[in-house]
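> Just passing along the structure, written as structure tokens.
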Amino acid sequence: MGEITNVMEYQAIAKQKLPKMAYDYYASGAEDEWTLNENREAFSRILFRPRILIDVSKIDMTTSVLGFKISMPIMIAPTAMQKMAHPDGEYATARAASAAGTIMTLSSWATSSVEEVASTGPGIRFFQLYVYKDRKVVEQLVRRAEKAGFKAIALTVDTPRLGRREADIKNRFVLPPHLTLKNFEGLDLGKMDQANDSGLASYVAGQVDRTLSWKDVKWLQSITSLPILVKGVITAEDARLAVHSGAAGIIVSNHGARQLDYVPATISALEEVVTAAQGRIPVYLDGGVRRGTDVFKALALGAAGIFVGRPVVFALAAEGEAGVRNVLRMLREEFELTMALSGCTTLADINRSHILTEGDKLRPTPRL
Ligand code: FNR
């Protein structure tokens, strides 16, 4: 392996190393994958308006998320089934996140349980929740996460059914037989069986509660005292509802373009969500973040932090924990450099005037 100089390079290595079924599951998006490309393309259409002759000899990237201090506004999104990528799976991700002083979000569909991940040592961790039809199962799982020291629930709200991921359909995707969805082990639930299409899509159709609605955010609040992040908001209307529901924060996400195709890139939807939230709760973003410049652009548009998904699983596949550490290191260094070259020394310095979006170009003069 030659020297890795950016997080995107891990994808080609993962493709070489992984069985096709696993790689395709990690890499693919829904249907035409228009949104998958757009999640990246939209970042490339945002340009910088850097400020010069500012003392950038000291740069502070630290921030707080829901009151938890972290080293940088770069966190790890929940991605399912990480042991398919590497035998250490979620353990490696948890350790790498702790070492970097940032937050890991563990998927409901992890191949390691909440208790196992907690056993890797101290670290600030969030738990991503899929709400199953069987609410007893959900209650139990949330309690276990709470007991294991997880600090928040990221409630995924964009998956009443699984998006149509054609690679998984062609591959008849199922979890390899030596792995299980560890958080549900021993429970009397259906397994992810070989189906005529994606085994995961059938599993979701059987288990996940399609009736989920805003009143269930209240229900979730009644069973846990953990703060709730609503993951999967991409409109101003839903941002307002999230604020009213008592959510502690919003994650602008299109699920890595794996659910509804032809939704806008998250970076394009971010500003309307931030405006609608009116500063009442923090807004985070995931989707297509691959460069420190992307992190800066999201913050300039009002995000309080970002999460990365695929780079983590690809790096895991290539190099295990060392790979995930390297992803976090590269993103951190690129972000620090972007801050320096834009004339920002703290996150509070990053503002809307540091970037130029396509919408801005239609205006006669930059806003000051
Ligand atoms: C995901 N994502 C996801 N989201 C979630 O809420 N629960 C989950 O179990 C998963 N699993 C999952 C697996 C894989 C392989 C991918 C790629 C994504 C979505 C994830 O949390 C996040 O929204 C996106 O991955 C962010 O986009 P990028 O960084 O992958 O472009």
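Glycine is treated like the rest: Cβ placed from N, Cα and C.
As listed in TrEMBL for this protein:
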- H255: active site, proton acceptor (ACT_SITE)
- Y25, R165, H255: glyoxylate binding site (BINDING)
- 78-80, S107, Q128, Y130, T156, K231, S253, R258, 286-290, 309-310: FMN binding site (BINDING)
- 1-360: domain 'FMN hydroxy acid dehydrogenase' (DOMAIN)
> State the count of C-beta atoms found within 10 angstroms of the C-beta of S107 (FMN binding site), not counting that atom itself.
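Other Cβ atoms within 10 Å of S107 (FMN binding site): 22.
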> By CA distance, which of the recorded positions (Y25, R165, H255) lies nearest to S107 (FMN binding site)?
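Result: the closest of the recorded positions to S107 (FMN binding site) is H255.
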> Reduced to three states, what secondary structure does DSSP give P78 (FMN binding site)?
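Note: P78 (FMN binding site) is coil by DSSP, not helix or strand.
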> When the Cα of T156 (FMN binding site) is compared with the Cα of each of the recorded positions Y25, R165, H255, which one is closest?
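Its closest listed neighbour, by Cα, is H255.
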> About how far apart, in whole Å, are the alpha carbons (Cα) of G309 (FMN binding site) and the residue listed as 'active site, proton acceptor'?
9
> Among all the protein chains here, how many other CB atoms are within 10 A of the CB of G288 (FMN binding site)?
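I count 28 other Cβ atoms within 10 Å of it.
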> Could you name the residues, excluding Y25, R165, H255, of the same chain that surround the glyoxylate site, i.e. Cβ within 8 Å of the Cβ centre of those residues, in sequence order?
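Here the non-site neighbours turn out to be S28, G29, A30, L162, G163, D168, L200, G256, R258.
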> Which of the recorded positions P78, H255, R258, G288 has its Cα nearest to the Cα of R165 (glyoxylate binding site)?
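Spatially nearest to R165 (glyoxylate binding site) by Cα position is R258.
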> In angstrom units, rounded to an integer, how far apart are the Cα atoms of G288 (FMN binding site) and Y25 (glyoxylate binding site)?
16
> Near ligand 1, which of the binding-site residues show up if the criterion is a Cβ under 6 Å from one of its atoms? Options: S107, T156, R165, G309.
S107, T156, G309
> Kindly state the mean pLDDT of the domain 'FMN hydroxy acid dehydrogenase' (1-360) in the predicted structure.
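Summing pLDDT over the domain 'FMN hydroxy acid dehydrogenase' (1-360) and dividing by its length gives 96.
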> Hey, how far is H255 (active site, proton acceptor) from Y25 (glyoxylate binding site), Cα to Cα, in Å?
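Approximately 13 Å lies between the Cα of H255 (active site, proton acceptor) and that of Y25 (glyoxylate binding site).
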> Between the Cα atoms of Y25 (glyoxylate binding site) and R258 (FMN binding site), what distance do you get, rounded to the nearest Å?
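Computed Cα spacing between Y25 (glyoxylate binding site) and R258 (FMN binding site) is 10 Å.
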> Would you identify the secondary structure of T156 (FMN binding site) according to DSSP, in three states?
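It is in a strand.
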> When you measure from the Cβ of R258 (FMN binding site), which residues in the chain that are at least 6 apart have a Cβ under 8 Å away?
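Residues satisfying the criterion: S28, G29, A30, G163, R165.
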